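Working notes for the structure below.
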Amino acid sequence: MKPGISFQVLSNPEFLAEGSAINDLLHPDRILIGGDQTAEGNEAVQKLCTVYKRWIPEEKILTMNTWSSELTKLAANAFLAQRISAINSISAICEVTGADVSEVAHGIGTDSRIGPKFLTASVGFGGSCFQKDVLNMVYLSECLNLPVVAAFWFQVIEMNNFQRTRFARRIIENLFNTVSDKSIAIFGFAFKKNTGDTRESPAIYICQHLLEEGANLNIYDPKVPEQQIISDLSYSEGIEDSYKVEEQVEVFSNPYDAAQNTHAVVICTEWDEFLVKIKFIAFLFFMKYAVFKMSLLI
């Protein structure tokens, strides 16, 4: 750095969601800017605020100290992940008691203090952010000698892992406790709809479990290329032999061919086209398979 040049380091975390990044950038819920609580730090913060004010309403630009800004980013994702694990824990109770998790979620979501978002029972959360940020909360809590807090956040990850395993086991149980040499269609491989990102996708773990049990998988996802699917499964930790993927996995270019002559269809990603097409596919092939959607058998 040249002599006489001063600078300030600001915290400006992003809150872009895959599949809606452009809209999130143009119409964010809020903009966070953190900096040192000094005259120089405040001046730098205000300069960055000026940039955002070109298209962001001033009331949506929040300024704070650096620690607050960084922790807000981690806490936001941790809260969302916690919410997903919470409703998934309720889904497990519902399946044992006979309650309908959709009805319970609707009843919860009508409470204005809670709201309806992120209350859909699912296979669990994936992607590059949620698990990473929750584990960052665990690490931070441990470093700050807060073991109870660390254990609390780690349970969010544990619940997510439990839900994945439980979902795979339910598939096997409903196919007479074996999937050996049975064909199963996997609808969706990305970790969420409207993206081709497969990082930490629940579908990888579901497929991994089914492959180890001897199932043959017909996989379809509208955005994930075949090479990515094969690569993800070939290098999964739970796959002992990569040849199993070559022998037991086939990737299809449309859901109809993927579902043909299968014993079950498993919806791992909530693509809109699956919600429309699945009833028609079920009408064509319903005598041959069951349909597994998220945590429910329908």
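Using the three backbone atoms N, Cα and C, a Cβ is placed for every residue, glycine included.
Here the structure is a predicted model, which means the values were calculated and not measured.
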Per TrEMBL, Glu18, Arg199 bind NAD(+); matching candidate in Lys73, Lys132:
Lys132
Need a hand: TrEMBL gives Phe15, Leu16, Ala17, Glu18, Lys73, Phe118, Leu119, Thr120, Ala121, Ser122, Gly126 for substrate, which of Lys47, Lys182, Lys192 is also on that list?
Lys192
Fewest other Cβ within 10 angstroms of its own Cβ, chosen from the recorded positions Ala17, Leu119, Ala121, Cys129:
Ala17
Express in Å, rounded to the nearest integer, the largest CA to CA distance found among the NAD(+)-binding residues Glu18, Lys132, Arg199 named in the record.
16
Compared by Cα position, which of the binding-site residues Glu18, Lys132, Arg199 is the closest one to Gly126 (substrate binding site)?
Arg199
For the recorded NAD(+) site formed by Glu18, Lys132, Arg199, name the remaining residues of the chain with Cβ within 8 Å of the site's Cβ center, in chain order.
Gly126, Gly127, Ser128, Cys129, Phe130, Phe191, Asp197, Glu200
How big is the Cα-to-Cα gap, in Å, between Lys132 (NAD(+) binding site) and Ala17 (substrate binding site)?
15
